[in-house]
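What follows is one structure encoded as structure tokens, with my remarks underneath.
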Amino acid sequence: MSSNKPIFIVAKFEVKTLLRSWFFRIFSAIVIAFLLFFNIVASTEIGRFNFADRMMPGGLVYMNLWILNIVQSIIAVFLSSDFLSRDKKLDTTEVIYVRSMSNFEYVFGKTLGIFYVFGGLNLLVLLFTFIINIISTDAGFSAITYLIYPLIVSLPTLMFVLGLSFFVMQLVKNQAITFILVLGYIATNLFYLKGNHYGSWDFIGFFSPMAYSDYVGLGNLFQIASVRIGYFILGISLMFFTVFKLSRLSQTKRGKSVALIPSFLFLFLGLSLIGNYLQHQFRLEKQIESFAQLEKQLPIDAGYKIVHYNIELQHRQKTIAGATEICVVKDESLESIKELKFYFNNGLIVSSVKTNGESLEYNQNLNFLTVFYNYNNKDTLKLNIEYTGKPNDDLAYFDLDKEKREGLHRYDPLLAGKSSLFVSNQYLLLTSENFWYPVVADRNAHRITRFFTSDIKIKGITGIKYLSQGEESYDGDWTVFKGDAKYSKLSLIGSEFTGKSIEVDSVKYSYLVKQDNDFFTKYFENLGDTLPNLISEIKGDFERKLGVPYPYKRLTFVEVPLHFYSYYRSWALINENTSPEMVLIPEKGLGINEFNLAHSKNRQERDNKREGTEMLPKEMEANLFMNLIGNTFAIPKERRFFFRNEADAGRSVSNWSAYSIFPLFYNYSYSIKEKELPFINMCMESYMQSRIHSSFNRFGSLSGNDKSILFLKSNTESLAHLVDEEDLKISIADIILTVGNGKFASAQQKVGIENFENFVDSLLGKFKGEAINASELTDYIGDDSGENELNKSSVIKLPAFIFGESKIYKFKDNKKESYFISLEVANVGEVDGMIKASLFGGGRRSGPPRPGGGPPGGGGMNASYEDIYLVKKGQHAQIGIILSQAPRMMSVHTYLSENVPSDNRFFLADFEEAPKGLKTFTGIKDLKGDVKYIRDNEIVVDNEDPGFSVVNNKGRKTLKEILLSRMDVEKAEEGFEYKTLFPWHPASRWTKVLESQSFGKYIKSYTYKKSGDGNARAQFKAHLQESGRYNVYARVPSQRTGSFRRERQEGSYEYTVFHDDGEEIVSVAVEKDNSTWELLGEFYFSDGEAVVELSDKSARRVVVADAVKWEKL
Amino acid sequence: MDISIQNLNKIYKNKHQALKNVSLDINSGMFGLLGPNGAGKSTLMKILVTLLEPSSGTIKVNGADLEKNRKQVRAMMGYLPQDFRFFAKLKTYEFLDYAASLAGINSRKERRDEVERLLEDVGLFEVRNRFAGKLSGGMKRRLGIAQAIVGDPKIVIVDEPTTGLDPEERIRFRNILADLSQKDVIIILSTHIVGDISSTCNQMALLNEGQIQFTGSPDEFIRLSEGKVWKTQVAFDDMEDIKQKYPVITTIPGANGYEVELISPSANGFQGENIMPNLEHAYVYFMEYESNKFNRP
């Protein structure tokens, strides 16, 4: 095409004009400067921040264009609406309009000009991305992404935004309105529509998974092809509509009408692409729904099980073909079975089912394979199933919420696809979720571990290495995996892997990664022969803590495509990232903090420098290794995300890692036989989990226990009823565990914590790889605290605890310095209750581990003393504990009771010398008097009391305040009334937060809001019985409340005391490390109403209203 | 080259009829379209340059229907709109280069030569690198004419080109047009300034209230007012009375009163000397005494 065509001439001069536009220059300069700064700081050694997503193949390209795309959309809106208005305003258009060119040439010339300019901007960004890519440590380089991302990120967005702006401008003929409308649409997309409706609104590509995998390329290719190309085409359609609407006479008489043809054609095409994609998603959703419905009709337990698999599989490019023999055993209690139902992937088309050479009738529907056979003897039934096809993950996680399934897969913040299965000519990944082998179809298939043995043979594509459960050997073209343990699920993975192995203590540890993806061995080059010791210690430590040995002969860490995604189900803390003998790790360890080894190394070096510590390279590497393994696989460590929450484990578990090896040690090897729902399994798992994991909630986020209590307090349904409730506000697993943990605590209290521990150890030792009879456990406990109790149809009643004084005394016990800890507690609830007291005396076990020591702790604390106490209904008691070392803190867990938060902390820093005659004791004994949480001469109004009220704003609201308060209301409607205080985003309205240091009878909470101009107020209104002088106190929070970790905020709160002589404003500095009662002054009050108000005016970030106390003098 | 306009009407959406049965024949040379503000000149110009569509009527350029041959007609057209400003972000040279490119000068060298020649011609060579928006009013108008005549158009349409220009700029501008009219081109000059036409045009039309009220040469137009232009002496006290009665063209104060040039079919009520009319006299005469004949039902 000649460059003298008007389209190119228009484009050429449009480029000149745009490049001279200050708007363009300033915005481009800002975005380039920001990106450059971000890249240098986040991804190079200069900044040493080591942004994790740089390790993604083409991650830097994706990230930079992802950010650029939003900014360039906004610039494009302005520029595109600007040129039409500019031309019109200055009357310049006319001299151009009279020139001989078509309207198409004019509009598309303008568009082309804008594309040239933005193309240049994109190229510039790509250029420095390339440089950063080269110099950044461990950055994932993928040449093709430099081509792909401009095409799938920038191009469709620009085309659509330009088309839309042109078109709207032509319609409304007003630049300001166009700007508002199109920017409004962009904002609606970014903040409201987001990735809704399967990302079909997302013309910016901000919520579309576009991460690139070295294994399988782009993730959701169908979505990208449909939606991105769809918007590109819609953009062209809008351009043609603009040509049609342009207020210039066309070259020919029918020119304008002609433009309508491509407009509608492209409109139809674009909408068809997006529509087809949506239709596909809706169809899938329907399939999932019907599969879920069918699953609900299945029996809880089918009455037969598969005890052995003999699988022969051929990996044929994009399909697989196989012959699987399964050995089925029927329960003795069943006479005969007419049809056997299995889960089996519907992409695998069964060609025959035989037993002893006899062909059987069968039927495949969704992921069900029904075999018609009269199984009426006690023999093991051998079924041979032959099949071929391409398995799919259409029905994966069918039982989970749609919302959860549609959730984005973020590598904080970049987005990857969500697949649980891959079959291509270069790669194979099959996990149990997709039933690539038949599994007995009953409702407990997803809930309870079942054991079997297996032999797997795979014949595949040359150059591909396969991995599955069992000992690997070769038989001609076949790779054989001979199972040598009881397994509960099987995975099969194949790729052009490279890796290394090491055998330590009879376990073969290996890793398998794609050839260019071994970025980590360089960090451990000096480890040499220390490595076996480190591995041995980590394993030893884990086994010691957990009390069970590693059950397999091998453990392989396998790299999987970054699009691989696995969900938890609430019934067990397992997902498809782990299976017997293997842990699947996303490409380059993405999403796992510790795999950002450059960052960890830098941090370690910085810490060493700061502390003046000299470390040998070997020591440093040992540290890195321990952190990597310890914090990721052994004892997960708390981590924070900017764009997403922690992995949703289907229940409230904080600091848990999807890659924890806990399931390999426990879940995949131990199981309790339950005919109904797996309550005891869950409680047992929770008990086992507590041996290695301490939950530690930051910022007062609600624990599963707290959520359950808050829910059960207002609940009138029985537990059995709740299990079947579809729209339960909280995870049923949280409720079950709260109830179950209470029962386990009761058992531990009865037999003693240590005895219980020993019993569990011996039970598990006896039944590895076998289903444990539930009665083994319940008999020992001497209580039917298992399923029967939990299934009772009565509403759960709760104990309620009041805590009195907690004291610590130092005394001499046989000349040895000892400490007596006393805590007053009363149970004023309806039933007996349990509390667990834990004392913490030692240091935290987080941070860098000792070289050669065990894995680092998960950010929690290790109790130096723990005991569980039964506090009977109506009992007022004193708990006594004697320790040889001074503890720093006592935590009292109240299990299932009225008390929230259920973890109460008592700081014990200031101990007193024991008074004469102090009777020390260990255990719990009745108190003579009653436990009081307030004295007789005190009246307290807590933020939970009826006397407490708030006013959010008395004055005029700004738009920002209105919007913020709307957001707060929306958030409040989403869940519990108690929220989390995030210092970076405090609520702009009074909001309740649970906090154990706050004042409260059963519910310890405070009400806070972001500090303001004094227009918002919290009021404490008491009813005083008698007139007189009173000391008035306010409960003032610790200075840490609402602060960042290392921040120390100055500031005070302003209380107004309304008393008989008027009102007095008292300012109280917030400076203590704990929440305390602060005296506001002595005042005279007549009987009746007394009021203290707290203003929201403060130099601090937030204002906290907790309680006010009137003490009669 | 010729343009033939037949029964052209333009009725805007607000029902205002800007052109009423306009018929005109325009041949090569400079054609002046005279008329007061709001007469419909710009509407006619815009229709001629294909910016507006007529409600009815036909325009033929060299016998070809304009409506059906916009592409060809646009290719031979140069246009300078009334009150024209420029892309603020383009330099003088670039703007002209843009116009030259769109006018179909494909060769870069040819275009450069043409642009430079034109810049010389209109006296803007020295300021070729200045942003067009930063030029003075006269310079802008000269750039405007330069872009209109770039690429040797066969039809050049300039709408009110001299409004707001100082006399020196105005003369300079007229000369540019006069030079151009030596070629086989049609230059249509729409103006309400009579002097623009008297000095340059060989044909003219008078458009008033959307109607063509006169077509012919400027001399023919002047002849219409021969014997109707008077020079007379008016006492100070009688001046207001004279003004009420006759259109007064010039008023020169003297010792005993004013020396006045006025238009009147006869020397009725004053004593005066008949003088030779010019185009301005003719225009005033026509507007005062002839144009109202067109409004009779």
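Glycine is treated like the rest: Cβ placed from N, Cα and C.
What TrEMBL records for this protein:
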TRANSMEM  A:22-41  transmembrane segment
TRANSMEM  A:61-79  transmembrane segment
TRANSMEM  A:114-135  transmembrane segment
TRANSMEM  A:147-169  transmembrane segment
TRANSMEM  A:176-193  transmembrane segment
TRANSMEM  A:229-246  transmembrane segment
TRANSMEM  A:258-278  transmembrane segment
REGION    A:840-859  region 'Disordered'
DOMAIN    A:989-1111  domain 'Golvesin/Xly CBD-like'
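Tertiary proximity for the transmembrane segment (A:176-193) is limited to same-chain residues at least six positions away from its ends with a CB under 8 Å from its CB atoms, namely 70, 73-74, 77-78, 81, 161, 164-165, 168-169, 201-204, 206.
Here the transmembrane segment (A:229-246) has Cβ contacts under 8 Å with residues 103-104, 106-108, 111, 155-164, 166-167, 170-171, 203, 256-257, 259-260, 262-267, 269-271, 273-274, 277 of the same chain, all six or more residues outside its ends. Counting Cβ pairs under 8 Å to the transmembrane segment (A:147-169), the stretch among A:22-41, A:61-79, A:114-135, A:258-278 with the most such contacts is A:61-79. The residues of the domain 'Golvesin/Xly CBD-like' (A:989-1111), classed with DSSP into helix (H, G, I), strand (E, B) and coil, number 0 helix, 73 strand, 50 coil.
The list of residues near the transmembrane segment (A:258-278) in space but at least 6 beyond its ends in sequence, with Cβ under 8 angstroms from a Cβ of it, reads 103-104, 197-198, 200, 222-223, 225-227, 229-234, 236-238, 240-241, 243-244, 250, 252.
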